[in-house]
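*Asks:* For reference, Swiss-Prot lists these features for the protein:
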- His95, Cys97, Cys109, Cys112: Zn(2+) binding site (BINDING)
Amino acid sequence: MDKKELFDTVINLEEQIGSLYRQLGDLKQHIGEMIEENHHLQLENKHLRKRLDDTTEQIEKFKADQKETKTQKAEQSDIGEGYDNLARLYQEGFHICNVHYGSVRKGDCLFCLSFLNKK
């Protein structure tokens, strides 16, 4: 191998090393961008999970409130029906108090009236 061939080989190796160095720099930059994107995606994922949890809690609370409201309405309608029946009996002239329940009433009874006013 003469000096010219040796010199050409060294120049060729230098060009290859330069090319590899540029490729390594590009790869390093690409990895940095991927790491940054991964970090942003992790933060976004964390925020979305928090929003999902908050929304799920709100939905569960809303459903529980609706169920409680239905239960209360059912109880109120039951209470209202019984109250109406007792008020009707009192208007028809019967006692509805625990002292004289069912007996014929002569005038107003304070016990019956206090029961009707409890509502």
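Heads up, the Cβ atoms here are built off N, Cα and C, so glycines get one too.
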*Asks:* Other than His95, Cys97, Cys109, Cys112 themselves, what residues in this chain have Cβ atoms within 8 Å of the centroid of the Zn(2+) site's Cβ atoms?
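*Replies:* The surrounding set, listed in chain order, is Tyr90, Ile96, Val99, His100, Tyr101, Arg105, Leu110, Phe111, Leu113, Phe115.
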*Asks:* When the number of other CB atoms within 10 A of each residue's CB is tallied over all shown chains, which of the binding-site residues Cys97, Cys109, Cys112 has the maximum?
*Replies:* Cys112
*Asks:* Look up Cys109 (Zn(2+) binding site) in the DSSP assignment and reduce it to helix, strand or coil.
*Replies:* coil
*Asks:* List every residue in the same chain as His95 (Zn(2+) binding site), at least 6 positions away in sequence, whose Cβ is under 8 Å from its Cβ.
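*Replies:* For His95 (Zn(2+) binding site), the qualifying residues are Tyr101, Gly102, Ser103, Val104, Arg105, Cys109, Phe111, Cys112.
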